[in-house]
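Chemist: Here it is, the structure, as structure tokens.
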Amino acid sequence: MDSDLDRILPIASRALLCEGNRDWAGAYVSYCKVLEEMKKSSAARDRMGLGPLTGAEACSWNGLYDNCLSKASKLRKTILESEMERQNYQLAAKLSKKAPVDLHPLRPVRSQTPAYTPMTTRMMYRQTRGAQSEVNLSTPKQIYSKHSPPSTSTSSIVSSSYGDAPSYLAPSKPNRSPPLKPEDPFASFNSSASAIAAASKSAAASASALSSDTGRSATMNSTTFPTAMKSQSTTKPTLSNSVSSPSIQVSNNQNANNSTPLSFHAPIPPLHVPAVPLTSASHSSSDGKSRKHPSPYKPYLNSSHDTLGSSTRPSSADTAGSPATSPPATADSKTIVSKTISASTTQQTEPLQQTTPSSDFEYAIMNEIISNHEPVYWSDIAGLDDAKNSLKEAVIYPFLRPELFQGLREPVQGMLLFGPPGTGKTMLARAVATEAKATFFSISASSLTSKYLGDSEKLVRALFEVAKRQTCSVIFVDEIDSILSARNDSGNEHESSRRLKTEFLIQWSSLTNAAPDKQTGHSPRVLVLAATNLPWCIDEAARRRFVKRTYIPLPEKETRYKHLSHLLHNQVHCLTEEDLEELVNLTEGYSGSDITALAKDAAMGPLRNLGDALLTTSAEMIPPISLNHFKASLRTIRPSVSQEGIHRYEEWNKQFGSQR
């Protein structure tokens, strides 16, 4: 059960974080992953012969499953209805089932758009009359509606879509007939081509009525439909049976029945991006099949986590100024959207504008942001207490409590982790990405180099510009010596490499003079975290900017014991405490990666002894791992770090390292 929680809760936390940032597509994919992991856990319990859980655990997990399923359905409907509205489609409350047409993915096509663009999903409705319409499922922050009221956030733009727009443009007549309960037209991806065509005419007529009411255009006699659909004159239809898009209830500062029309902004064209094939998560979640769990019970969380777990919920520093995490609920035909938007809703548009890329270089940098990585926690790393405390002091505490770290307590903006290979430097950086609740940029030499003259410097500038727009950012550069190696006058260094180093150092220094945020008054929190196996190869100017230089040594005796115990925790072995103590003494001088390789090789020992009998032996009859298997593997797996290399690291640490 604990392993299920460790695998599911970080994904659920990432879904909440995406909702807080109004990334509906990312939240939808994360919720689908949560449901998939829950189903896998349930199937595993079935195979093990375990009965269904009862009591508080059952109620807690059932609530989690139903909540994720409901949110995923609402997010899917929100994204699809918003795109259909943007493509001038009007959906009826109940579509015909006579001519079902499935939704097919397109193959990736070659596009002239620059390569530095985010991934989106492109779908196509194949209609019976030969008319085709493409629907781009972009992120909601790129979706704009020509019916949106002024000074609204992205969620308000989505909410003021085709179904709700006429309700506040003009007073509608009361509907005497009982209200229709809108059905989800996307519960099954089968729709009628004739119904879609009729809905398109309704959308065109409603757009004509909106234009005449606001005084923007004289008339709309014809509408051009997307992708090879002929223009034809339309008449204004009734909207009593139309399905309204999901709406967000806002503050009612004015009466909803007031007939004064609102002014509208000019429509903003959407951003076109190249098409890519569907991912497994998004395609499996859009197949229209039932979401019921196959087993009679559902895998469970502890009762202390009511919805998605409070232990991994994003901190207040991340969700400050972000919208409510629940997707908009679907409104019926009588729902009336308020004309006024509260001040808090208006202020929520600023983070979206700040994080929107303004160039292809910023697109490339945003692709380096780690969002879907396997979480690593401090408890997963054995030993290295000094390094953990230094990282908490430099990253975790200042990012979570920025009001306490000001003036002389302002955190450092550069930290270097150096030491022999395989000691856990990159693992510490991954733990920082999980624990800090900050935007984590994983940068390598390939992220900042380009074959075009001057593009490398622009990529470096875009990296720091995007990082400064975030509330808290960590720029992790693995193998920093490949980017900021020592400069020399021997002529062996290329001019482009020298310009790249100079630009990186200049942008790094600009973090100190960055202007504070107008709302919070705090300067942007950006930390450059680097790791290297060759600290003596780093340029002196870069070494000065790394205020803290922490040495990551080889694991000590106690650390090796914890590491071996963790590796053998889920394995069938017959090692006693005395055997582990002897094994710890035999692995003197081994790094963390060497010990992991040794344990893997020893685990293969029982299988090697079986030989060809392995093909007919059941898993229960395989012998356990013993000390003799480890001793045999010690002759094969040797230490990767020499004593001369360790001595050199210790000398550099004495001269330049941060001693505690």
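A Cβ is built for glycine as well, from the same backbone N, Cα and C atoms used for every other residue.
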Chemist: Out of S148, S177, which residue gets the phosphoserine annotation in Swiss-Prot?
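Modeler: My reading of Swiss-Prot gives S177.
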Chemist: Which has the fewest other CB atoms in a 10 Å radius around its CB: P420, P421, the listed binding-site residues?
Modeler: P421
Chemist: A 10 Å Cβ contact count, applied to the binding-site residues G419, G422, G424: which residue has the minimum?
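Modeler: Checked G419, G422, G424; of these binding-site residues, fewest Cβ neighbours within 10 Å: G422.
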Chemist: Inside 10 Å of the Cβ of T423 (ATP binding site), count up the other Cβ atoms and send me the figure.
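Modeler: Neighbour count, Cβ to Cβ under the 10 Å cut-off: 28.
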Chemist: Which residues, sitting 6 or more apart from T426 (ATP binding site) on the same chain, put a CB under 8 Å from its CB?
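Modeler: Within the chain, T426 (ATP binding site) has Cβ neighbours under 8 Å at D478, A531.
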